[in-house]
């Protein structure tokens with residue numbers, strides 16, 4: 001039993017907190033450190049992916065900060081008419097640009113984050129296709145993914161219920177609150193790989209596209225608190241992104257892309273990438289200028305609801321628009337990846353901590369939102385200060401705080417609660433499995449990149 005406890009303690013170190021999200025094998029035998037500033041050298045492709053994950057989590061925080069700011073910005077109810085008039089005069093000219101940027105980021109940040117999660121789950125595909133025939137390795141991955149993702153979902157679902165209870169009551173446990181939908185969805189996607197991963201790539205592409213598009217024709221039950229059961233629409237829709245990263249994006253594709261980048265001017269590559277992102281921004285700005293309702297565009301981008309059925313052709317039109325959405329996401333994602341640096345920087349190691357930032361940032365944003373709501377109409381707070389803080393400073397501060405090593409160490413029991421609980425409950429394990437369990441834990445520490 002001592003060997004099992006030692007292995008569990010080693011596996012419960014902060015360097016394993018991201019393993020449930022990034023379960024890909026480490027072909028180079030590199031174990032990244034999630035709590036130390038200095039990490040072992042990574043392969044060029046790993047460095048590129050980690051840089052992308054760091055930039056994506058910053059943008060995800062930015063999207064949610066913009067969402068909160070835009071919801072507050074339409075509330076202009078100051079006590080004096082002069083202050084109210086000033087706020088209207090300041091906000092009205094700039095809000096269309098904030099809305100367009102919010103939609104631009106929202107179009108690709110979570111889809112691309114999901115694509116990378118699929119890309120870093122290729123070991124599941126290898127198991128499903130019989131490339132890895134060791135039954136204990138498959139069992140280890142299923143157990144680890146189940147306990148980490150489902151255990152983490154239970155803990156963070158409870159936390160967000162407590163934080164947002166006034167808006168999510170009555171309690172409906174099976175309706176994900178806030179960002180917890182991703183943990184549940186990732187568990188569903190990975191489990192589905194064991195069922196469909198053995199199929200030919202062509203069948204997988206057809207199946208996931210059909211599910212993503214046809215899911216909009218089905219109605220997802222809404223619980224009493226107004227949230228959707230298991231967030232099923234988004235789970236089905238984003239499942240396509242997961243499988244794109246899992247099946248379509250191969251390691252050789254990433255390596256070939258990096259080879260092309262080395263022969264291309266960095267300035268030219270980044271300029272082209274941001275120019276393409278600017279095209280998306282301009283398209284959203286044009287849509288608002290032409291009178292397309294912001295709420296309709298937002299619903300199209302975030303695909304959390306089924307198609308409308310106001311007329312016989314309405315749902316067919318929205319299904320076609322969803323296909324267009326996927327094409328736009330591919331374009332925007334490729335443009336963003338052009339802007340990602342390929343060299344190792346100070347933030348490269350932060351890419352392994354994104355699951356912590358993803359789960360925590362909403363709590364911090366909600367706290368700021370509650371504070372801001374109390375003072376939004378205060379005559380002493382200028383509109384410029386509120387814009388600077390809410391749109392620019394807040395997302396940067398929150399993302400960096402959430403990625404800090406001390407925060408990671410502090411929240412480790414909440415990120416992988418089951419692994420930490422097993423250290424204190426050895427009586428749950430069969431003593432006859434000590435050697436095998438120890439070997440499994442050693443495998444986890446040597447063949448898995450620590451990412452989120």
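In case you wondered, yes, glycine gets a Cβ from its N, Cα and C as well.
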Among 50-68, 69-87, 126-144, 202-220, TrEMBL lists transmembrane segment at 202-220
Matching range for TrEMBL feature annotation, transmembrane segment, among 23-42, 303-322, 323-342, 343-362 = 323-342
Could you check which of 100-119, 380-399 is flagged in TrEMBL as transmembrane segment?
-> 100-119
Give the range, chosen from 270-287, 414-431, that TrEMBL lists as transmembrane segment.
-> 270-287
Does the transmembrane segment (270-287) come near the transmembrane segment (323-342), with 3+ Cβ pairs under 8 Å (pairs 6 or more apart)?
-> yes
Sort out the residues at least 6 away from either end of the transmembrane segment (323-342), same chain, that have Cβ-Cβ distances under 8 Å to it, and list them.
-> 44, 47-48, 51-52, 55, 104, 107-108, 111-112, 115, 212-213, 240-241, 258, 261-262, 266, 269-270, 272-274, 276-277, 280, 300-301, 303
Contact ranking winner - 100-119, 147-165, 171-190, 232-249 against the transmembrane segment (202-220), Cβ under 8 Å | 232-249
Can at least 3 Cβ pairs under 8 A be found between the transmembrane segment (147-165) and the transmembrane segment (171-190), with each pair 6 or more apart in sequence?
-> yes
